[in-house]
Structures are given as structure tokens and as C-alpha cells.
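Structure, as C-alpha cells:
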Amino acid sequence: LFTFIFLIPNTMLGTCHYQDKEEVVLWMNTVGPYHNRQETYKYFSLPFCVGSKKSISHYHETLGEALQGVELEFSGLDIKFKDDVMPATYCEIDLDKEKRDAFVYAIKNHYWYQMYIDDLPIWGIVGEADENGEDYYLWTYKKLEIGFNGNRIVDVNLTSEGKVKLVPNTKIQMSYSVKWKKSDVKFEDRFDKYLDPSFFQHRIHWFSIFNSFMMVIFLVGLVSMILMRTLRKDYARYSKEEEMDDMDRDLGDEYGWKQVHGDVFRPSSHPLIFSSLIGSGCQIFAVSLIVIIVAMIEDLYTERGSMLSTAIFVYAATSPVNGYFGGSLYARQGGRRWIKQMFIGAFLIPAMVCGTAFFINFIAIYYHASRAIPFGTMVAVCCICFFVILPLNLVGTILGRNLSGQPNFPCRVNAVPRPIPEKKWFMEPAVIVCLGGILPFGSIFIEMYFIFTSFWAYKIYYVYGFMMLVLVILCIVTVCVTIVCTYFLLNAEDYRWQWTSFLSAASTAIYVYMYSFYYYFFKTKMYGLFQTSFYFGYMAVFSTALGIMCGAIGYMGTSAFVRKIYTNVKID
């Protein structure tokens, strides 16, 4: 199953090494409206005709390609390595009214199509309308120029010519030509032409990273200064307690965060759900870190579906991380139903992703879009969940409960919880939660624009070094903000810090999702039920996963901080 997910090479697409006169396959992928990148259909869903060459067996895609709607079909064009083809007709379209209406609809909606030669993508436009929008024309001539370096293909260019007016009950001849030319481009550099350095390495991108980095320095310095000064004063006061008489203590010198030492390590409400969220967040962080590192090393953008396949493989392989952190936290909080917690932790993220995907899948099936997930792919995903993720999660849960499942808190938990005093409105957990995600979102929102543009528009994201820096900055900012929020909450003698620290960090997802609304309405030209549901459905999944990850990071950092400050205080 792992081999199916990750290791299947693209053997049927191209051998990369060719002999003279060896067959080169032109694969037709998808067609769809330019402004709705994710709304794609099979190329031959439009009434294009197929070349005369005998069809070869259908390309068997990897799991990542199947989930991304790749629909490779043989074009039927006869192309041989280093063998020029003069302009020649390869098929004829008998244009009746129904076929003309299909082409007219495609031209009105600015349909583009995508093809592949040896894994190199090629884009072309179906046709165009005249200035008045009354007559419509179809491009009928594909002029291919293929560059080679030695026995490898390193460049492909398509020129669409032969504009023919669409008139019902006529015949339209489709033609093509192939021109081979020697190129100095190295094989490992052949994808460079598809990248956009002027966009991704723009001064704004560099400035945003620098700005976020300065925010981190300022925030860490501010947090360190405030906490060191305040805590040092607290420690100095608390260390003198043995010298105080009873009257001094009764006057209220003991106040603030030390007052709740008997309740601060009390189990959180709903520990089963809480520990499952923390375990899932730790796993998402591990997956993000590993996938970014692999992408930096391997240039995953050069292979279709490789990023998604890698993410699925890494997510399945890191399931013990989920079980370890979730299971150990649940055991420390005194949870008894550890099997139920393991199941919830293992299937929390897969259920969310698969539920959203299957819902959108019904819409894709209604539209006959290539994004409709095949039944076999659904079965494969379910098999991964039950036979890979669940067993590995079980292993992690057992290890977590046995290795770090003991409470060993620095303070004894009181049998009866103390009442929480009234405090100012801005110290309420709900207010802290709402405000906690502002700074983390501010550190990543510029990068969100580039990530959104690469996924929802025609940009290939390749600056994974930037993404790694942003991930590190996000983690530092999130931990600093949640520590400050938790400290002020404890100073107000409110010991409900577990959920508050998690939710204040997770609220970053709310701001990201709100930003996605702005991006949809002001930065794209998307339209239609399919694209709208696809966009907001998957943006909800992305935002929720980001929120769970940030929440887990915030809680883990805050937990270490709380344990540290109460370890250094003498408690009678």
C-alpha cells in the first residue's frame, strides 16, 4: 500500500531517455475555465477528435494524481523522438449543432486545456470570440516545438494557430506539426521556465519575512523582559514567606498565580477531546515540517501529485506521534477510556478531510468534473486509515501511556476546586481567545497570499525555504503569545489555562479563514457552485488543520512554561 501511495514511478508517462525515432507520447489531461483552476474536466469531454494512431493503455496514476483530478488520455498523435512532422491533419470534427454549442460554451468561459509530453505540462486555449461576441473561432492547428539535450526532452512549446469559425453542419480538420530543436537547457533545470521568480522572490516577499522576523525578535524580547521582571519579583516575594508572620500573610501578600497552585494542574474539561486535538496537532506539525524539508531537497513540484502523495505517506508514517502525545496527555489527566481516545485521535483529521472531500465529490460528480474521486481511490484511502494509521497510532498510544503517562506534577491537586474570582472583562478567557490569534496571523498572512495564489491560480510554489522560515516564526510567535495570555490569566487566579492556551493559539485559523473570503472576492474571478463549494470547503479544512496545529504548539509551549514556574516555587 505504501508503494502504491509513494513509490510508483511515472513509467508510462515518459522514460526520460529516448532513442532516435522512439515513440513520444502526448497525453491530453484536462480542460476547464481559466478563472476556475480547480474546475477541470476530461479533455475529450469537449467534442475534440482523436488522432489516428492506435491508442495505448491508459496511464495508471498515483494516489496523489487521482485525488487531484489528473485524467491522462492518449492523444492519438504520432510523435517520434527527433523526427520532425510537417503540418498534417490528424482527425476531422463533424460539427453538428450540439458540438458547436459545446465549443461556444467553452470559448465563452475561457476554457484552457492541458497536455503533457514527458511530464512537461503544456497549456493551450480552446478558441476565441470576435470583438462583438457574435462569432466564435476554434484553434485547429497545434504547432509543437520540442527541445532536446542529448537523449532527453528538456523543453516543449505550443503555438495555437488555424483559427476556424464555428458554423453548424460543417467539417473542421484538426492538424499538428512537430519541430525538434537542440537545446542547451540541462534536464534537471527544465522546470525552471515554469517558475516565477519575479512573483515569489519579489521585494514584498522578502520584506514580509524580514518584518515577521523583527516581530519575533521584538515579541520574544518583550515577553522575556516582562516575564523575567515580573516573575523575579514574584519569586523574591514568595521566597520571603518563611520570614513573614501570620498577620502579613492575612493582609493579602500572597496573591496572583501562586494562589492557584492547587488547581493549575487539574485535568482540563473534556480531556478525551482535548488530548485527541493535541495529539493531532503535534502530528500535523510533524507532517508539515517533514514535507517542507523533503520539498526543499527533492523539488516535488516537478512531478504531478508528488506533493500530495508525499503528504499522505508522511501523515500515515507519523501516526505514532499522534498516539504518543495524545495518549500520554490523556493518561496524565487521569483518563480511563484510552481506546476510545485512540480511535478519536487517529480518525479526527482523516474524518474531517474525507468528509469534506466526499461532500464536494457529489458536486463534482454532478458536474462530471475530473475532480470527482474514483471509488477505488476512496477504498485506498479507507484502507490507509484502517490498516496503516490506526495500528501505528495504537503503537504510539501504548508508548505514550507507558513512557510519559504518569502525572508527576510539581504541585498537588486540591480535592475541591477553588472558586474563580471576578476579573476585568479583557481578562476573560473568551476575550483572550479572540485576541490570541491576531499576532500569529500577522506573521503569516503575506505568505498565505503566495500559498493561495499557487493553489488557486497558475503559479508553481517552489520557495519552500520561505515556508520553513514562516513555520518557525509562526511557532515562536504562537508560543510567546499563549505564554503571555496564560500568565495574565493565572495572575487573575483563573486556572482554566489548558483550553484557553489551545484556543487562543487556534484562533489564528479564524483569521486565516476570514482572509480566504477576502482573497476569493477580491483576488480571484471564481464563480459557480462547484468552484465556490470547492474553495470554501477545502479552505475550511486547511484553516481547521492550521488551527489545530497552532493550538497544539501553543499548549505544549505553555505547558512547559507553567510546569517551569511552579517547579521553582516552594509550595507548602
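Each residue, glycine too, has its Cβ placed from N, Cα and C.
Record features, source TrEMBL:
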type	residues	note
SIGNAL	1-18	signal peptide
TRANSMEM	204-227	transmembrane segment
TRANSMEM	272-297	transmembrane segment
TRANSMEM	309-331	transmembrane segment
TRANSMEM	343-367	transmembrane segment
TRANSMEM	373-395	transmembrane segment
TRANSMEM	430-452	transmembrane segment
TRANSMEM	464-490	transmembrane segment
TRANSMEM	502-522	transmembrane segment
TRANSMEM	534-556	transmembrane segment
Inset, instruction - Any chance you could find the range in 204-227, 373-395, 502-522 with the most Cβ pairs under 8 Å to the transmembrane segment (343-367)? - result: 373-395
Legend entry - Contacting positions for the transmembrane segment (272-297) when only residues 6+ beyond its ends and CB under 8 Å are counted: 307, 310-311, 314-315, 318-319, 321-327, 329-330, 333, 335, 337, 340-341, 344-345, 348-349, 464-465, 467-468, 471, 475, 498-499, 502, 545, 548-553, 555-556
Legend entry - Residues from the same chain, set at least six apart from the ends of the transmembrane segment (430-452), whose C-beta lies under 8 A from its own: 199-200, 204-205, 208, 211-212, 215-216, 219, 459, 461, 463, 466-467, 470, 473-474, 477-478, 481-482, 485, 488-489, 500, 503-512, 515-516, 519, 523, 550, 554
Inset, instruction - Determine which residues of the chain contact the transmembrane segment (204-227) at the Cβ level, with the cut-off under 8 Å and only residues 6 or more beyond its ends counted. - result: 439, 442-444, 446-447, 450, 463, 466, 469-470, 473, 476-477, 480-481, 483-484, 487
Inset, instruction - Between the transmembrane segment (373-395) and the stretches 309-331, 464-490, 502-522, 534-556, work out which stretch tops the count of Cβ pairs under 8 Å. - result: 309-331
Legend entry - Other parts of the chain folded back onto the transmembrane segment (534-556), taken as Cβ under 8 Å at six or more residues beyond its ends: 38-39, 277-282, 284-285, 288, 325, 349, 352-353, 356, 359-360, 363-364, 371, 436-437, 440, 456, 474-475, 478-479, 481-482, 498, 501-510, 512-513, 516, 520, 526
Inset, instruction - May I ask for the residues of the chain that lie six or more residues beyond the transmembrane segment (502-522) and have a Cβ under 8 Å from a Cβ within it? - result: 274, 277-278, 429, 432-438, 440-441, 444-445, 448-449, 452, 456, 478, 481-482, 485, 532, 535-536, 539-540, 542-544, 546-548, 550-555
